[in-house]
Amino acid sequence: MGTSADGFFTAVEAWAVALSALAVTGRHPARTGLGAGLLSGLTVYLSYGLTLFAVIGAAVLLLGTRRLPALPYAAAGFLVVPAVFTALGFDWWEAYRLLVTRYHQGAGGVRPYGYWVWANLACTVLITGPATVAGLRRAGSLLTGVRGLPPRAAAPRLALLAGAALVALLIADLSGMSKAETERIWLPFAFWLLPAAAFLPGARAWLAGQAVLALLLNHLLLTGW
């Protein structure tokens with residue numbers, strides 16, 4: 001992730017989520033809500049792919065117990081960013097239409113959708129590791145009411161957050177606008193899948209498996225990054 005700007009994008013998103021979580025739990029809703037809105041608005045202008053981060057942001061708002069006092073400040077902060085960019089002459093929608101055209105004229109036009117709609121998911125399994133996949137299964141079981149998981153007050157909230165990140169990735173996958181870009185564009189979203197591993201027992205064994213897979217990928221796979 002350090003070889004591209006996506007590490008920076010991930011940090012901006014993480015701070016937006018953190019401030020949103022503080023705002024919807026009643027901790028200085030004016031300041032934290034405004035900050036969350038500003039950073040969320042900024043993500044939309046950092047990369048078009050980050051617009052799907054709204055799914056994760058919506059999950060945070062849904063989980064908040066005191067979301068109403070923070071909503072006006074978050075909305076105000078969010079609107080500041082497009083207002084500034086528009087005032088400076090940047091048309092977000094016009095640039096998006098141009099992006100779609102150029103994407104299909106370039107690499108997007110030669111990468112088959114039928115292959116990459118599945119290959120993207122396979123690559124995501126590799127970059128997040130088997131522990132994440134197993135954790136997501138248990139998170140799904142928790143959300144669907146399957147018994148047998150350890151009772152924890154925070155568990156459903158964590159499961160919903162990881163589930164929101166997975167939904168955002170599935171939307172990106174089906175859109176066909178990020179074919180073969182999982183090692184870059186998807187990384188800010190894949191980051192939010194990793195906490196699902198907290199649902200797994202035997203943490204050391206899973207951690208060892210993650211490390212082995214990471215070493216194998218770095219030593220045996222040649223990438224452009």
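Positions of Cβ are set from backbone N, Cα and C atoms, glycine also.
TrEMBL labels come from automatic prediction, so no person has curated them.
Pulled from TrEMBL, these are the features on record:
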type     : residues : note
TRANSMEM : 7-25     : transmembrane segment
TRANSMEM : 45-63    : transmembrane segment
TRANSMEM : 70-93    : transmembrane segment
TRANSMEM : 113-137  : transmembrane segment
TRANSMEM : 158-177  : transmembrane segment
TRANSMEM : 189-217  : transmembrane segment
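For the transmembrane segment (158-177), same-chain residues at least 6 beyond its ends with a Cβ under 8 Å from one of its own Cβ atoms are 48-49, 52-53, 55-56, 58-60, 62-63, 100, 103, 108, 113, 116-117, 120-121, 124, 135-136, 139-140, 142-143, 185-186, 189-193, 195-196, 198-199. Long-range contacts of the transmembrane segment (70-93) within the same chain: residues 20, 23-24, 29-42, 44-45, 61, 64, each at least 6 residues beyond the stretch ends and with a Cβ under 8 Å from a Cβ of the stretch.
The transmembrane segment (45-63) makes no contact with the transmembrane segment (113-137), as judged by fewer than three Cβ pairs under 8 Å among residues 6 or more apart in sequence.
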